[in-house]
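> This is the feature table in Swiss-Prot:
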REGION    33-57  region 'Amphipathic alpha-helix essential for membrane lytic activity'
REGION    35-56  region 'Involved in endosomal membrane lysis'
REGION    51-77  region 'Interaction with hexon protein'
MOTIF     70-79  motif 'Nuclear export signal'
MOD_RES   T146  phosphothreonine
MOTIF     218-229  motif 'Nuclear export signal'
REGION    220-226  region 'Interaction with hexon protein'
REGION    227-237  region 'Binds to importin alpha/beta, involved in hexon nuclear import'
MOTIF     232-235  motif 'Nuclear localization signal'
Amino acid sequence: MDDPFSTLAPRRGTQPLLSNWATIGISELHGGALGWGSWWSNLSRLGSSFGSNLKNLGLKAWNSSTGQALRQHLKDTNLQHKVVEGLSTGIHGAVDIARQEVDRQLAKRLENYEPPRVASTEETVDDVKTVALPSKEDESERVLVTKIREPPPPYDAVFGPAPSAETNKKQKFEETLQNAGLVSSPPAPIAAPAAIAVPAQTTMSHPASSRRRHHWQGTLDSIMGLGLQPIKRRRCF
């Protein structure tokens, strides 16, 4: 929105008092002579140049005679090995200190530990109570006779006497005669007369009364009304 803030300024008639700074507050304002983009580019350029200059100085110092002498002295004194040994010694020392602390805590707990008290045999014997066991009754007295199993009946009493050879021959002879038609077969049993089913008595149901059948009509008449019903009475004056 390019409407300047001068529209909010006090006016003298139609002329605003800030007419000389009418461009204040619009999109054409770029900060005057100060450009933030140039500042950022200058800072980034300065940082990159500073880093490259520092790198070049370090390489020159490392490759110089002083740097070579320093490296040779470090190699002669075996500084790298000493640093590694110092680090390993410090690590082992820290581990030893931790182990000593753990051992100290364990020893302290063992000193404060009290073993459980074991009761002596005499006390245990005194604490034991003698309990009288009930006398064992005779096992024969506890046996309850619930059922007496009788011996099975003999074969002859159930199936009858075993047929002899003569009876078998007689039965076979009678069967052959029956097959030949010489001996009449016994008459078939006469079936008993079947019971005649007597029909049940049916009762005639009378139709419902017209009043009950037309119950809704009676309800309608009571709602609508039938007028006054005349009543004839004889009176003597």
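Including glycine, each Cβ sits where the backbone N, Cα and C put it.
Locate each feature and note its surroundings.
Across the motif 'Nuclear export signal' (70-79), DSSP classifies residues as 8 helix, 0 strand, 2 coil.
On the 0 to 100 pLDDT scale, the motif 'Nuclear export signal' (218-229) averages 67 in this prediction.
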